[in-house]
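The structure under discussion appears below in the form of C-alpha cells.
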Amino acid sequence: MSRYGLQKLYINGAYTDSASGDTFDAVNPANGECIAQLQAANAQDVDKAVAAAKQGQPVWAAMTAMERSRILRRAVDILRDRNDELAAIETADTGKPLSETRSVDIVTGADVLEYYAGLIPALEGQQIPLRGSAFVYTRREPLGVVAGIGAWNYPIQIALWKSAPALAAGNAMIFKPSEVTSLTALKLAEIYTEAGLPAGVFNVLTGSGDQVGQMLTEHPGIAKVSFTGGIASGKKVMANAAGSTLKDVTMELGGKSPLIIFADADLDKAADIAMMANFYSSGQVCTNGTRVFVPQALQAAFEQKIVERVKRIHIGDPSDERTNFGPLVSFQHRDSVMRYIDSGKREGATLLIGGYSLTEDALAHGAYVAPTVFTHCRDDMQIVREEIFGPVMSILSYQSEEEVIRRANDTEYGLAAGVVTQDLNRAHRVIHQLQAGICWINTWGESAPEMPVGGYKHSGVGRENGISTLEHYTQIKSIQVELGSFNSVF
C-alpha cells in the first residue's frame, strides 16, 4: 500500500470515484517510491464537475460579500494550522526541500487567499451621472464557472493563486493540477469544504493535461480558463478556448529571464541574488534569471564567488531540514535537463561547475542533477535561448548598457528581469527598457499578493495576483436609468 493510498476526484464537496476507475501513480522523485494512486478523470467526470459547479455557483454568489470573506478567511486559518502536514505532502510529491515547502509554499498561498478575502467587500460598481433625469450604474458580476490548470512546480500555491480571486469574485472553479504533482490540490478542496464553501464551488479533477485539460478548455459550460505551463501547451489552450466558446484566458507561460549586474554592484550581493535566481527550488521556477549578464571586467571575480557558493549548497534528502537543494520533479524532467547540459557542452560553453546527474549513495535513487554553471556563453546557444527549468546558470559578458539591454530583450520570452546596481537612476532607466512583466532591482524572486504577476510577449496573457486580477474574474453590466420622460421618434 502506498503512503497516501488511492486518491479520488473531488466533485460537489466530496471525494468521488471517477467514471472509468483508471489510475496513475504519484512518484516521490527523491527515491522513486510510488506514494499514491490517483484516479484519472474523463469526459463524464468533467461534465459532472461542471454540473456541480453550475449548481453551487449561484448559491455562493448570492451570499453577502462579508459571508464569502469569512469563509475564505476560515480556509486561511485551516491552511496555516495544517501547514506542516501540507508541506510534508508537497515535499514527498515534488521533491522540494521541506525547509522550503514549510516556510514558503503553503505560507505564501495562504497569504494570497487572505488578501483576496479582504478585497471581497471592496468589489463594487460605479454610478455615472448623465443628466438631471438619467444616470448609469455598473455591476461587477461573476463569470460563472471557471477552470484553473496548474503547473507542477508550486502545486498548492498555484491552486490558491487561481482559486482565490475566482472564488472571491463569486465564481465556482474546477481545478486540474499537474498530473505530476496533484496531491495538495485535493487537500485544498477538503479545506475549502471544511471552511464552509458550498458544495460544487471548488472541484478538483486529476488526470493528464492532454485529456482533462483539453476537455476543460473546450467545455461550453466554462467561461474562463487560467493556465500555467509551457508555450506550446498555452497555444493549445488559447486555440481550444477560442474555438469552443470564446472563453476568457489568462496564461503564465514561463521565461528565459535576464539578470543584469552592473559594474558598481556589490559583487557579493550580486552573487547571492544570482544564486537565488538560479538554484532555488532546484532551478524549477518560471521567473528564474538564468541569463546572467556580467561586465567583462568583473566576470572572473563574479564567477569565483558563484563557484564558492555552489560548493556550499546542501544537496540531499528533501525531508531533511538541512537540505536546501532537492531532486528535480521527475526522472523524465531530469533527463530533459541533462540533454540541455549536454547541449551546452557541445556548443562550446565553458563548464565552471556541475554538469552531471548525482548518483552517489542514496541520491542514486532520485532525480538529482548537480547545480550547473556555464560561462563564455553566446546568445545563440540552446541553453541561452530555451527555458530549461532546471539548475543551469548561463553567464554572459557585456561591454555597454546599450548592448546589454538589446541582448536582454533578444528573446521570445518576457516574464521577468532584474538589475543589480547602486545607481538607482540607472536601475530605473534600464528596467523601463526591459521587455518583461515582473522586474526586480537589487533583489529577486519575491512576489507579494499585491503584486500583479505575468509576462510580456510569449510569456503569457493577463496577470495573476493584485487587484486587477480580481476584476478579471468578473464581467461588467451597465444599466442606464431614466427618471424623466421618454421621447420616441415614431
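Keep in mind that glycine also has a Cβ here, set from the backbone N, Cα and C atoms.
Now, the feature entries from Swiss-Prot:
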- Asp93, Val180: K(+) 1 binding site (BINDING)
- Gly150, Ala151, Trp152, Lys176, Pro177, Ser178, Glu179, Gly230, Ile231, Ala232, Ser233, Gly254, Cys286, Glu387: NAD(+) binding site (BINDING)
- Lys162: active site, charge relay system (ACT_SITE)
- Asp248: site 'Seems to be a necessary countercharge to the potassium cations' (SITE)
- Glu252: active site, proton acceptor (ACT_SITE)
- Cys286: cysteine sulfenic acid (-SOH) (MOD_RES)
- Glu464: active site, charge relay system (ACT_SITE)
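Take Gly150, Ala151, Trp152, Lys176, Pro177, Ser178, Glu179, Gly230, Ile231, Ala232, Ser233, Gly254, Cys286, Glu387, the residues named in the record as contacts for NAD(+): the widest Cα to Cα gap among them comes to 23 Å.
Among the recorded positions Trp152, Ile231, Ser233, Glu252, Glu464, the ones whose Cα sits within 10 Å of the Cα of Val180 (K(+) 1 binding site) are Trp152, in sequence order. Contacts of Pro177 (NAD(+) binding site) defined by a Cβ separation under 8 A and a same-chain sequence distance of 6+ are given as Gly150, Pro155, Ala159, Thr184, Ala185, Leu186, Val204, Thr206, in order along the sequence. According to DSSP, Lys162 (active site, charge relay system) sits within a helical segment. Asp248 (site 'Seems to be a necessary countercharge to the potassium cations') falls within a strand segment according to DSSP. Within its own chain, Asp93 (K(+) 1 binding site) has Ala26, Asn28, Ile35, Pro155, Thr181, Ser182, Leu183, Thr184 as residues 6 or more apart in sequence whose C-beta sits under 8 angstroms from its own.
Using a 10 Å Cβ-Cβ cutoff, Val180 (K(+) 1 binding site) registers 20 neighbours.
Candidates Trp152, Lys162, Glu179, Ile231, Ser233, Cys286 (recorded positions) were compared with Glu464 (active site, charge relay system); those inside 10 Å Cα-Cα are Lys162. Of all the recorded positions listed here (Glu179, Asp248, Glu464), it is Asp248 whose C-beta has the fewest other C-beta atoms within 10 angstroms. Proximity to Ile231 (NAD(+) binding site), judged by a C-alpha distance within 10 Å, picks out Glu252 from the recorded positions Lys162, Asp248, Glu252. Note on proximity: of the recorded positions Trp152, Lys162, Glu179, Ser233, Cys286, the one nearest Asp248 (site 'Seems to be a necessary countercharge to the potassium cations') is Lys162, by Cα distance. The Cβ of Glu252 (active site, proton acceptor) has Phe227, Thr228, Cys286, Leu415, Val453, Gly454, Gly455, Ser459, Gly460, Glu464 as same-chain neighbours under 8 Å, each 6 or more residues away in sequence. The 10 Å shell around the Cβ of Ser233 (NAD(+) binding site) contains 19 further Cβ atoms across the protein chains shown. Within its own chain, Trp152 (NAD(+) binding site) has Thr94, Ser178, Val180, Thr181, Val329, Ser330 as residues 6 or more apart in sequence whose C-beta sits under 8 angstroms from its own. All protein chains included, Cys286 (NAD(+) binding site) registers 25 other Cβ atoms within 10 Å of its own Cβ. Under DSSP, Glu464 (active site, charge relay system) is assigned to a strand (E or B) in the three-state scheme.
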